[in-house]
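Going by TrEMBL, these are the annotated features:
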| type | residues | note |
| --- | --- | --- |
| DOMAIN | 87-196 | domain 'PET' |
| DOMAIN | 195-259 | domain 'LIM zinc-binding' |
| DOMAIN | 260-320 | domain 'LIM zinc-binding' |
| DOMAIN | 381-442 | domain 'LIM zinc-binding' |
| DOMAIN | 443-500 | domain 'LIM zinc-binding' |
| DOMAIN | 501-563 | domain 'LIM zinc-binding' |
């Protein structure tokens, strides 16, 4: 909330009966044909039934959005020279041709260029700002014509709130602006020399296209995308510019360098008496409540969403109702809130003992608030650790229907508070991670350390994978073939070397691992493959045989040996 600067108001007079655009054109040479009434709002969409002009604000009566937020369009082809009242250029190639422009597929294009050069020019602009017919670029141009070249800046006939005594001041301003500052640039090739861009200081090589602003001189040039207003940084619509202190501006920003502009009706202020508020300038009769239009000049007001409201409207529209006394909480009262409920500072009391709760801990139950003592006495639950109540404002830790004070939520072994750290429940006890692992975690039978992942079970006992190794060579047995002897694991190789019977023929161990079969006879053993006749090498597995000292023979070879 702030105070306004109060000034005298001498009355705002209109310019007389409504005149058509053609009548104004005949009188002033300025032609503006904009269609706004009933046009949809681009912000509100279907929520707004269409633009309905406020009597003096430049907003819609229906949705309160600015005029330019609606789909305002120009009724006919817009020649910017007609809009600003500048006569045709002496060089006909610098004048807009409606037929050629529409034929090229644009609502405007720089005159005097071939089709290829027109495309080269537009290729250097942001695509959404290129005024192709039926595209967002066409809408962008329409909007910039209205913003950069506001009709109320161009001709007296479009000014609704200029006092009659300042008509001549307005005309003098327009004449001086048109003579000294306002002009239209054009586009040409840099044929004979390399130029430097006036804005970015980049190079414009020979053969490139450049924007020329005659009031800066024919040797001063811009890249097409660099020819922008010094103040708003927008492309200068249809190359129309004003020059001020050797810099290009759009007409709107140029005018505001010299005159104040009313933030409500958007007209320039020529009177020396006006209101300054909210870092803006206003006709004194236009600085009004956004809701009821009552003047705020010299009055208190409240800002809401960058709009001023009188105290009465603000309290009716935005102020909250006190939950205790059911009266409005005005702008002069402190608004205390909790869970979408609001109170006057003096009404924020304990529902039972009526003590003030301002700056004190309190509790809430069934849409009522209580001081700490009353809440504890009536509703407070008790800690499952110490048995004491939870006082109002105390942090409570809850888990599966049980609750603790923060300091009571501790590990049952080490008694350290757990807080927000990880914990593990077991039966009715709570353990911190370290104590749980210490007491319950699975430990390796060999090294006694906790197995966190990837363990091995052997004879119902847990092992780390790296600890489950051969008793003889210590090679890991995890995922390998192994056997045991006296409850100790051995890899296949060590078991064979240490304990297995040996083949009488090849002297290698007979392990039996993997399904290997063997033959035994009189304390001697053979691999199946080694149980063969010593003379003819015929397998004797499942056949009769005769021993001959350390050898075994098939019956045929035994007969031959006897003969």
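From the backbone N, Cα and C atoms, a Cβ is placed for every residue, glycine too.
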Please count the residues of the domain 'PET' (87-196) that DSSP assigns to helix (H, G, I), strand (E, B) and coil. 60 helix, 11 strand, 39 coil
PLDDT averaged over every residue in the domain 'LIM zinc-binding' (443-500): 77
In the domain 'LIM zinc-binding' (260-320), how many residues does DSSP call helix, how many strand, and how many coil? 10 helix, 21 strand, 30 coil
